């Protein structure tokens, strides 16, 4: 209880200092009683915004999340895209039922009609959604000495989930060298992205791997277990493949040489250069006239 009381006193001091400094500078004061709001999905949410020092205040609310920006309230009225689920009051805006898409930063902007006085404050809304079952990509085999990447992700958790890896049911530490059970392995683990990288892969890395997603809300979710085998490079198989390729190439060269010795290529050449003879019938000729009309074309 003492901690809550101290936090309340700090909040009151901040509010008082904001109001006094704004009045001293001749500006309006805009503040919120709860700058960080966390609400489960499908529940109502109140975003507070209070102000003072405005003769005729005009209130607007803006929403921003990543590249998305939209206007929730304009000139003290909720915009059409939010009208069916948000209400406006002079103390803030209220969502009747929030969805995960409502997560983001809401800025309350207050000005007077003349535009001489202006102030704003931001409220972070986080819609709480438990994580779903994560999807993993784990190679079934990895060559010892190479680099292997295992990934884990899920799309529903809000706030975003953190990811923890397990090998044969034992949670993998961030620093393998500091743990006796994992000191023979060399890997890096990113709990934010869910990526597990072995570099290089060792024989000890053979085992069943699972990934767990958790975000502090709802139950943690685990993936299916997938086994990864760490194996030596199959040098014998590579050598055998090279030998088979060389033998086949040798048979091909021998076949071409045999066909050449048998004269198959010469016969083909002679067949394509054989002569053609065309005979034409002699035309009728008049008496006393002799003309050669038969011709041979070679």
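Each residue, glycine too, has its Cβ placed from N, Cα and C.
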Stated Swiss-Prot location of transmembrane segment, expressed as one of 238-258, 259-279: 238-258
Cβ neighbours within the same chain of residue 184 (N-linked glycosylation site) - under 8 Å, at least six residues apart: 202, 204
